[in-house]
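To start, the structure itself, in structure tokens.
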Amino acid sequence: MEGPRSDVGRWGRSPWQPPTTPSPEPEPEPEPDRRSRSRRGGGRSFWARCCGCCSCGNRGDDDWGPEPSGSRSRGTSSRGRDSRGGRRPESRGSGVNAAGDGTIREGMLVVTGVDLLCSRSDQNRREHHTDEFEYDELIVRRGQPFHMILFLNREYESSDRIALELLIGSNPEVGKGTHVIIPVGKGGSGGWKAQVTKNNGHNLNLRVHTSPNAIIGKFQFTVRTRSEAGEFQLPFDPRNEIYILFNPWCPEDIVYVDHEDWRQEYVLNESGRIYYGTEAQIGERTWNYGQFDHGVLDACLYILDRRGMPYGGRGDPVSVSRVVSAMVNSLDDNGVLIGNWTGDYSRGTNPSAWVGSVEILLSYLRTGYSVPYGQCWVFAGVTTTVLRCLGFATRTVTNFNSAHDTDTSLTMDIYFDENMKPLEHLNHDSVWNFHVWNDCWMKRPDLPSGFDGWQVVDATPQETSSGIFCCGPCSVESVKNGLVYMKYDTPFIFAEVNSDKVYWQRQDDGSFKIVYVEEKAIGTLIVTKAIHSNNREDITHIYKHPEGSEAERRAVEKAAAHGSKPNVYATRDSAEDVAMQVEAQDAVMGQDLAVSVVLTNRGSSRRTVKLHLYLCVTYYTGVSGPTFKEAKKEVTLAPGASDSVTMPVAYKEYKPHLVDQGAMLLNVSGHVKESGQVLAKQHTFRLRTPDLSLTLLGAAVVGQECGVQIVFKNPLPVTLTNVVFRLEGSGLQRPKVLNVGDIGGNETVTLRQTFVPVRPGPRQLIASLDSPQLSQVHGVIQVDVAPASGGSGFSDAGGDSRSGENIPMAYRGGA
């Protein structure tokens, strides 16, 4: 088991406060000038490394024939034209470049250009499932071949030698996989090879195979040739850079997924649902992952750079996912998002106001500063974007009644005084109403067999792991079976989903005694978006055995035996005959409500129960405020009878105390006079917020302006001030912020906006509203975008990205 985690992070009792001004790290060192790099590895040493079996240099230069005297030369050629002067479509390359005196000798094999077939409609992008990326460069997935065309100054001959080069990082080395040499027509090392598929005189069609273990990232690309007349090297051209990603379609890749519908959902879907609230009152919001938006891929790679992750480790999905979990939060390393659970978001954006990841990631890429602010669903949404973009099958997961174990006991310990009133100064463990993290799919070669598949990655900074704020990847299978000694961070994740809630009461002598153990209170429902639908999928069964089953109890006790309180189960008391259930009325914010406690006597004797009810507001992280209403009542139950106690709560009573998410916590404790049985229950519930209503105004066509109408009714009798709308949708609208001023109490407003779709197909346009008085207001509409006239699938026009406009309302009305 790993060492204990630190007591700093994402709950209210922490002394940590978000920094007023995030401080960026120094930017990464600039890479050496491309021209100096183009000379690296030239001449005899380069060709010696073109061994057909490996890069060991066992083949000497003589294998390529004697080097002609004075053969190293430099020359030029018109970009985009073949040797006959005709226009060469889609050609890339800006001339020629060879070491030496700059002379192009007669008979030298000169590469005048390269076509990487990298447009979105070309074969490479379609076959590699990268055609949705809003990039002009070639983007391929490792372990899968791609095609290119070399344009030559003369016909290719059997005696000619051609080698492709891929380089990444500031100091590329063959032994570290950062300098890849691929001899054309010969087998390379580690699965790299290039074959001629068609020789059309001056054009050479190649099929290039990449290694399924290749480093991911953006590679520089060049071509070298050697002939009897001399050597030549194509100069580096930024337009010829190649992105290589993980490949869930490749059986040899560690991230391989053997279900096409999973790949479509968990790799290619650009939007999804994130669930929040409480188990009894589940809320859902649509999130724009936007992994294919222009700039997002560069932002994802920048994250690895900012962490200083060695390039040699970027081919390992376990290492990459762990770095991502550390870098999506800002603690330790000035990562992407600043966490804030204080309720004061005046120096940034309320976490509830975000509608997607694109604005966050592009801001981080553009400025290098951590973005304020995030909470668990924002960290998870951004993590899904980053991992899907890099090629992981990833989903966003919500765990309701998620425990936060601060002392590695693997139990949730709650302390009460003699009258069963919570002792908040002792209650360091907390139960979050919900917590959102990620599952990503991969093999685990670093673990024994049986732990492949879904792995938990959690970027929310709760506790440290190996000294940094990260969590995972952790095998879900190890969590299910209580194998808390498996890396990474299994004890913490196990406690989140399957620990027991232990109630301790202070005795007359000051000691504490266990008076109640609630075995079914933690991890009560674990959900994610279903494949190919907006329905909710219950995945609790993959995290834990059926609640109360022998296998589930074994897993809990096995895990607890490795915790800091291994003997907690030895002190448990006898069975009970009075059952208690808590219910809360489903209410919208601004309305009155009621909470009820139902008692049932399951025994054969009369029972008298003395109840205490304490009501307070609570953050979704389990941090509660002071009690603002309480009630006491004695209930007498005949054998087999039930009775209820109801406590009404008026809007004016809870309004002054409301915090984020509109959640409340009811602490109920009771004592059965006849048997001494102790009753205890904590019940959270939330006030619902309204939705935004979105209506499309006309048909959506690529490259043509389209309108949308947004309608909102203020449910509160008070004015909403400084109201901000956000609008975003991949392929439709770049992130847009709209300042609309104030909205009166119970007022209905209508807002109209336009956007220009840039990609066809079904899309999601997502909006949110935020103000100091009301947040967590969202809306979404599906937009089916038709291709532009003429069949063009994509538009070069970008969505309107103006930000911070003051927008007049199209219509204002009363209640």
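Heads up, the Cβ atoms here are built off N, Cα and C, so glycines get one too.
Record note: of SER94, SER189, SER730, Swiss-Prot gives the feature phosphoserine to SER94, with no matching annotation on the rest.
In Swiss-Prot, the entry for phosphoserine among SER14, SER23 corresponds to SER23. Among the ranges 541-565, 791-815, the one that Swiss-Prot lists as region 'Disordered' is 791-815.
Scan Swiss-Prot for phosphoserine across SER91, SER346, SER533, SER604 and the hit is SER91. GLU547 (Ca(2+) binding site): 14 other CB atoms within 10 A of its CB, across all protein chains. In this structure, ASP458 (active site) belongs to neither helix nor strand by DSSP; it is coil. Of all Cβ atoms in the shown protein chains, 30 besides its own fall within 10 Å of the Cβ of HIS435 (active site). The closest partner of GLU547 (Ca(2+) binding site) among the active-site residues, by CA position, is HIS435; the full candidate set was CYS376, HIS435, ASP458.
Checking the binding-site residues (ASN498, ASP500, GLU552) against HIS435 (active site) with a 10 Å Cα-Cα cut-off leaves nothing. In sequence order, VAL479, GLY482, ILE522, GLY523, TYR543, LYS544, GLU552, ALA555, VAL556, ALA559 are the residues near ASN498 (Ca(2+) binding site), counting only same-chain partners six or more apart with C-beta under 8 A.
CYS376 (active site) sits 23 Å from ASP500 (Ca(2+) binding site), taking the Cα positions as reference. In the three-state DSSP scheme, HIS435 (active site) is classed as strand. For the recorded positions shown (ASP458, ASP500, GLU552), fewest C-beta neighbours within 10 angstroms: GLU552. Comparing ASP500 (Ca(2+) binding site) with ASP458 (active site), their Cα atoms are 21 Å apart once rounded.
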